[in-house]
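In what follows, a single structure is set out as structure tokens and then discussed.
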């Protein structure tokens, strides 16, 4: 039935253009020859041009190619909506306390057969890496950690039928020039700022298993090829409980998982993170957020979009917006807490200290300078903390303090902000609490909206337009710290950014007139049950 609609539309369009172009004919009519896509006539055109192997009529290959085309057409008929994807183990994220650096983690499945890894979520770096062929890795036994109920895994390239090493000649092999042979496995080293923390090994490609729970593709799965680090040697914080089973870099670099998913056309070039006050959370690839969300633009660094950098116009504590508190900040889920440039920090904490109705105190083991005792009645009213952006958007921090508990309940609290030591700040995970944070890399925007971190696949979503598959292809560098001596928040450093380009939308328009018109040949099947309908120019 669909084919006749297409043919009739072509006739109407043809007649319409004839009238518009001044063609007058009393007995004018339009005709078109209909041929099968695998007919001898088409074979002469296709095979003679590119040497294509033509399927034998009614062979297994013949029907297989027709079926493949049908499936592709069905995808086209679904319209411009892309599904939301999340790891096959689920979209939920979880914190694992001080043993794991106060970061959020989730299980991901890699390889064939699948192996699960508990990876930390880090928007401040690009590379996904997991312990692999370990020479120096963190302990993987659950007995070593207080919050695990099962052992962690190590990746074995030879144990996965879909695994292959990335060669030194690959465009994403940054250290390829150091290789003796372009065909040998590509080495990698990522040095992180915190406590001489690093990971090194070789790059591999394998399947990341994802799921989608949208109504349109209920309980469907996707097998996405991704590039990640086979981390044989870790140092620093990675040996002390932070990301012992790997780290999922969510940065804008070309090698990151969001970039690979978007480039392959699985999702839009964006993702969202959400963290609740009860410490649960969600991650969704392809989420552009609600139309009502507030936004601000990502800023380039030396002309390149190498990390999620935003511009803060001013900081407000309570009802007071403090003068000269504009600064740039990196938005990073891989930093547990928030850091402000030193001068901004001094102004903000003094205003907070002036407005809070509590006695200042110090608590052993906690790094923050502005801490306070709780009264017998519990926590006092905490002054609000607001960031104003250059786009006239406001970000009200839902949870600016870290509550300290004793045997009798809350004994105190600290303003969970520290000086960064540099002129760039970091908006850490704690400031994101209560928000659905959208990293829209396609439009170079950060979005946020209040959220209880619900499962987005169960809610109505606005239609999305097609992904363009482009992404900034450079690597971030940022400042990270930890809440105490045993926690290290990951951050990439010491890497030379490659050239990046802001994503663009491309649109091609056609202007047709009958005087110079070559109507398309409509290739259709004579048997509607066997074929798909193609329109060729």
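Each residue, glycine too, has its Cβ placed from N, Cα and C.
What TrEMBL records for 1-18 is signal peptide.
Here TrEMBL flags 104-449 as domain 'Peptidase A1'.
The Cβ neighbour count for residue 122 (active site), using a 10 Å radius over every protein chain in view, is 30. The annotation active site is assigned in TrEMBL to 122 (among others).
Other C-beta atoms found within 10 angstroms of the C-beta of residue 332 (active site) number 29, with every protein chain shown included. Among the features that TrEMBL reports, active site is placed at 332 (among others).
As annotated by TrEMBL, region 'Disordered' applies to 461-502.
Look at TrEMBL and you will find 461-487 tagged as compositional bias 'Polar residues'.
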- Message: I'm trying to understand the geometry here, so how far is the Cα atom of residue 122 (active site) from the Cα atom of residue 332 (active site), in Å to the nearest whole number?
- Response: 7
- Can you give the mean pLDDT for the domain 'Peptidase A1' (104-449), rounded to a whole number? 93
